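Novice: Structure incoming, see below.
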Amino acid sequence: MSVSNFVLPKIDPVAVSIGPVDIHWYGLMYLLGFTFALWMANRQCDKSNGIWTREQASDLLFYGFMGVILGGRIGYVLFYQFPLFLDSPLYLFKIWEGGMSFHGGVLGVTTAIIFYAKKNKRSILSVGDFIVPLLPVGLGAGRIGNFINSELWGRVTDSPFGIIFQNAGPLPRHPSQLYEFALEGVVLFIILILYIRKARPAGSVAGLFLLAYGVFRFIVEFAREPDAHLGLLSLGLSMGQLLSLPMIFAGMAFIAYAYRAKAQAPSQADNVKPPKAKTNKAKKKHG
């Protein structure tokens, strides 16, 4: 063990206690992420020239939050604990035992977007473009919660950047939670904010989010310890990497579709023939 490796102290998982109520660090991170998302959504509404109202944004965020919680839990059970679920279906509802999947959360948010768009007669793509820039800060905050809880740590490393997680043995490991915080939280947020500074084709913002997150997650998974009960799967890839591949392909498809639709719009308009001008011809009289 190198003397330069930092030993992460054991931190009480309870951040704040208010009477009989304990607020855990992970829950606090969720709260911070949701609060920031609401603040940013209100800013986007104020700049939308009436296209979005704050009330509409609040409703969308509520549906999105429920999608994250329900989809994240269902995804974790189906993707990572399916044999346990088959043996004990009630495990799905044991949320207090922990276990959330980001990829399941994406499916949950997608369902929420579709539901909201249909209910309010909005474009699914435009709703997706509105909500995805709000997500990276919450993702980053969640990874900080993982780091504080000493969970989802990385693989063993001899790098001086390795950190010793006391519940993971004496060897230093990649702080993969911090890698994800940096890439999926900070860098992804900056990319999306810079991208939406100009008007973009409908669906391209959501596509960029899917593509960038999928790439970042795929890369970080090489440093993250695979789930012990799953290990590495097909082609030596982790479950997280296998689930990220569809996101990457979907993101590229969304972007290609968005820009193709934008490029075709003017040409379609050019193909519309203008109406013929009416002429007042004198009627021929018959005797």
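Just so it is clear, glycine is given a Cβ too, placed from its N, Cα and C backbone atoms.
Below are the features listed in Swiss-Prot for this protein:
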type: COMPBIAS; residues: 275-287; note: compositional bias 'Basic residues'
type: REGION; residues: 266-287; note: region 'Disordered'
type: TRANSMEM; residues: 21-41; note: transmembrane segment
type: TRANSMEM; residues: 60-80; note: transmembrane segment
type: TRANSMEM; residues: 95-115; note: transmembrane segment
type: TRANSMEM; residues: 124-144; note: transmembrane segment
type: TRANSMEM; residues: 176-196; note: transmembrane segment
type: TRANSMEM; residues: 202-222; note: transmembrane segment
type: TRANSMEM; residues: 235-255; note: transmembrane segment
Novice: As a test: from 21-41, 60-80, 95-115, 176-196, 202-222, pick the stretch that has the greatest number of Cβ pairs under 8 Å with the transmembrane segment (124-144).
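Specialist: Stretch with the highest Cβ contact count: 176-196.
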Novice: Residue list, the transmembrane segment (60-80) vs rest of chain: Cβ under 8 Å, 6 or more residues beyond ends.
Specialist: 34, 37-38, 41, 91-92, 95, 99-113, 115-116, 127, 130-131, 134, 227, 229-230, 239, 243
Novice: Do the transmembrane segment (176-196) and the transmembrane segment (202-222) come together with 3 or more C-beta pairs under 8 Å, pairs six or more apart in sequence?
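Specialist: Yes, the transmembrane segment (176-196) contacts the transmembrane segment (202-222).
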Novice: Report, as numbers and ranges, every residue of the chain located at least six residues beyond the transmembrane segment (95-115) whose Cβ falls under 8 Å of a Cβ in that stretch; write 'none' if there are none.
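Specialist: Same-chain residues near the transmembrane segment (95-115) but 6 or more away: 60, 63-64, 66-81, 124, 127-128, 131, 135, 139, 210, 217, 240, 243-244, 247.
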